[in-house]
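Swiss-Prot has this to say about the protein:
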DOMAIN    4-120  domain 'MTTase N-terminal'
BINDING   Cys13, Cys49, Cys83  [4Fe-4S] cluster 1 binding site
DOMAIN    143-371  domain 'Radical SAM core'
BINDING   Cys157, Cys161, Cys164  [4Fe-4S] cluster 2 binding site
DOMAIN    374-442  domain 'TRAM'
Amino acid sequence: MVSKSAALVSLGCAKNLVDSESMVSQLIELGYEMTPEVSQAALILVNTCGFLESAVRESIDTVLQLAGYKASGSCEKLVVAGCMVQRYGKKLLGLLPEVDLFLGTSHCHALKSFIRDHEAGSSERLRIAFPDHVDNGADRHLVEGRSSAYVKIAEGCGNRCAFCLIPRLRGPYRSRRAVDILREAHRLVACGAKELNIVAQDTTAFGSDRGEEHALVSLLESLEEIEKLEWVRLLYAYPDRITPELIRTMSQSRKVVPYLDIPLQHCVPRILASMGRSGTDPERIVDAIRSGIPGVALRTSLIVGFPGETEADFQALTAFVECTGFEHLGVFAFSPEPGTRAARMPDRVPPDVAQERRKVLLELQRGISRRRLESLVGRVLPVLVEGFHPETDLLLTGRLAVQAPEADGTVLITDGIGTPGEIMRCRVTAAHDYDVEAELLSAS
């Protein structure tokens, strides 16, 4: 075992992964050598999710499992960071005595100094404050040869959705400087990234905290100029802020892929108003995007079982999903998170009813997804080749431009010689519920 080795376990969303890479950079600066094996690490860093209670349970279970390495003596220091720490703070000190250091989202950028203080004899275990820091990305650890990467363009959230804790966990909306984002993007491409996925709690609010009207459009136009960057993907786009200018920019771009992730949450006006999203008109937004961006793939997320949702409301939502035919769909049963307005609302839908509604929508979406993918069979399309299949070296895997990393399906490459990290032409030969099979033809 390396005398000063460290391992990372990153839970939750892509935005958390960006924070994790920043903390890894700080560990490397302290002299740690990163290892993928937690059993060989002297220091284990866990970046947690605290958005939903189910995610909190997963985070706690993970920490307790990793604490076993402290008991066995292989791990000297267990560090827990992120949203769960920001949400529960001091309560975790007694709940998880095995943990040496806790950092909220407010202090992830200061991991290095916290470890140094601890090694110098400090007995402080928790650092947490109201999140107001904006990371410029300069210290983010970049992995050589990775074909796809995330770029976080803002911190926090300025929306006040009734069901959501993000403003409390992440603070107010704070845009990064465009110059810092572009510098990071250039570094990622220089390290081998062909695809950059733009993330934030709300990407379409970029620049609004500074009074900038078309900051996101300007950023996308600047990313367009980066040589060797092939694909730019926009995730977490708040529906109300998808402007005609953004749609036009995407439709005219050579690099921004025809893909939008728009979390609509529901389609019934009364439910949307109760959620704190009364300005959203889902049908109008979807129609504007589909008419303005040819061949666009849409991903959305929906919440079923929100307080006050009747059977008629759910039937309206089902009809909306069937009519709209989203390429990708995530469905969540309402979770009454303590501290949110929604947790105090009357007319609670029984959890078993909410779960059944979720199953109905997911089954409906399974058929929609398969029909969408079957329409691609026989077409020749570019594929980002990502590497060998996790279960066999006989298959390569990749993604189409209409498939986001981790969230959507994949391309199973059954024939042809491919180069991981390259975008190559393929012919789609078969479709499944969420994945397609394809044969590689040549480089695009």
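Using the three backbone atoms N, Cα and C, a Cβ is placed for every residue, glycine included.
On the structure: features taken from Swiss-Prot.
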| residue | record | DSSP class |
| --- | --- | --- |
| Cys13 | [4Fe-4S] cluster 1 binding site | coil |
| Cys49 | [4Fe-4S] cluster 1 binding site | coil |
| Cys83 | [4Fe-4S] cluster 1 binding site | helix |
| Cys157 | [4Fe-4S] cluster 2 binding site | coil |
| Cys164 | [4Fe-4S] cluster 2 binding site | coil |
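Sequence-distant neighbours of Cys164 ([4Fe-4S] cluster 2 binding site) (same chain, six or more apart, CB under 8 Å from its CB) are Phe51, Cys157, Glu337, Thr340, listed in sequence order.
Across the fold, the C-alpha of Cys13 ([4Fe-4S] cluster 1 binding site) and the C-alpha of Cys161 ([4Fe-4S] cluster 2 binding site) stand 18 Å from each other. The two recorded residues, Cys161 ([4Fe-4S] cluster 2 binding site) and Cys83 ([4Fe-4S] cluster 1 binding site), show a Cα separation of 18 Å. Taking Cβ-Cβ distances under 8 Å and a sequence gap of 6 or more within the same chain, the neighbours of Cys49 ([4Fe-4S] cluster 1 binding site) are Leu11, Gly12, Cys13, Asn16, Ala55, Val56, Glu58, Ser59, Gly82, Cys83, Met84. For Cys157 ([4Fe-4S] cluster 2 binding site), the count of additional Cβ atoms within 10 Å of its Cβ stands at 24 [all protein chains shown]. In terms of DSSP secondary structure, the domain 'TRAM' (374-442) contains 1 helix, 40 strand, 28 coil. Same-chain residues that are not part of Cys157, Cys161, Cys164 yet have a Cβ within 8 Å of the Cβ center of the [4Fe-4S] cluster 2 site turn out to be Asn159, Arg160, Phe163, Leu165, Ile166, Pro167, Gln201, Gly276. Taking the centroid of the Cβ atoms of Cys13, Cys49, Cys83 as the [4Fe-4S] cluster 1 site, the other same-chain residues with Cβ within 8 Å of it are Leu11, Gly12, Lys15, Asn16, Thr48, Gly50, Phe51, Ala55, Gly82, Met84. Mapped onto DSSP helix, strand and coil, the domain 'MTTase N-terminal' (4-120) counts 65 helix, 23 strand, 29 coil.
Local packing around the binding-site residues Cys13, Cys83, Cys161 was summarised as the count of other Cβ atoms within 10 Å of each Cβ; on this measure the leading residue is Cys83.
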